[in-house]
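What TrEMBL says about this protein:
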type	residues	note
TRANSMEM	35-56	transmembrane segment
DOMAIN	115-216	domain 'MotA/TolQ/ExbB proton channel'
TRANSMEM	138-161	transmembrane segment
TRANSMEM	181-205	transmembrane segment
REGION	224-296	region 'Disordered'
Amino acid sequence: MTWAATDCLLTGLAQTTVPPGETDSLWEIVTSGGWPGIVILLILVLLSIAALYLVIDQFISLRRADIVPDGLSGEVAAALRESRWSEAENALRNRPSVLAGVISLALANREFGWSEMEKTVEDALIDRSAQMHRRIDYLSMIANLSPMVGLLGTVTGMIFAFRQVAATQGSAGAGDLAEGIYQALVTTVGGLIVAIPALAASGVLRARVDELLSEVTRQTERALSPLRRRAGQGNVAGNPSGRIMPVAPAQLKGTKVATPESTGTPPPAVPTDPRAANQPLPQSRPQPRTRTRKPS
């Protein structure tokens, strides 16, 4: 199409008005794109159902009582402060949650030292964060995919519209071209209708997950604070720091250390004259060898 033809079409679009009383219904607009548009809209409907399911599931599963129960960290800290291990484990077992799972994993490794407990908590939080963000990532994928699907339907509809103009060798008027364009834009609108709420919900849910995980981290530190203070004193599982402790002389049982007093040899003399330290050591003269004659 030349620029003159395009200008004529745009002028016709500007002058075209819809007769009163001849507005299309919503169903007619949805189905006006033909079978390509209907297929694209069905895909968008499926994506919207999946997005709605993910949003409802996340709002139900991300309840604070299931992630960070109130009072659990204080109860566990009070039990650990008095070394009541069984009471702390029972409290964690009776209130299953993300916080209880992280603290339980840390207590299971207390015999390996405080450094190992810290590493266990860090690994558990990373794993739980990945699990809680997985469904939100699916929702973000739907939010990013829906406009692309709608754009695919629009491009397909535009191809059919211009193909119709080309088939009539330019005899199609501006109204025919306008009808094809608005039919093609229906799928783009559908994609945006799915993407905008999904994108907003994914942002809200992601912020909610980050807030809950930060609270889990704080409550875990509070629950394990008695063990951390005790670790600085060296009273948790013998070696809470997890480092290799230096061996004291009292631990060398059955090992005798050779000393000058025990061997009876005097210690080497230390020269008092500073010039004697720089003098070379005296060299011993070789002893003459004696030959023995064999009897003849």
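Quick reminder: no glycine exception, Cβ is built from N, Cα and C everywhere.
Here the structure is a predicted model, which means the values were calculated and not measured.
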Local confidence of the prediction over the domain 'MotA/TolQ/ExbB proton channel' (115-216), expressed as mean pLDDT:
86
Can you break down the domain 'MotA/TolQ/ExbB proton channel' (115-216) into helix, strand and coil residue counts using DSSP?
96 helix, 0 strand, 6 coil
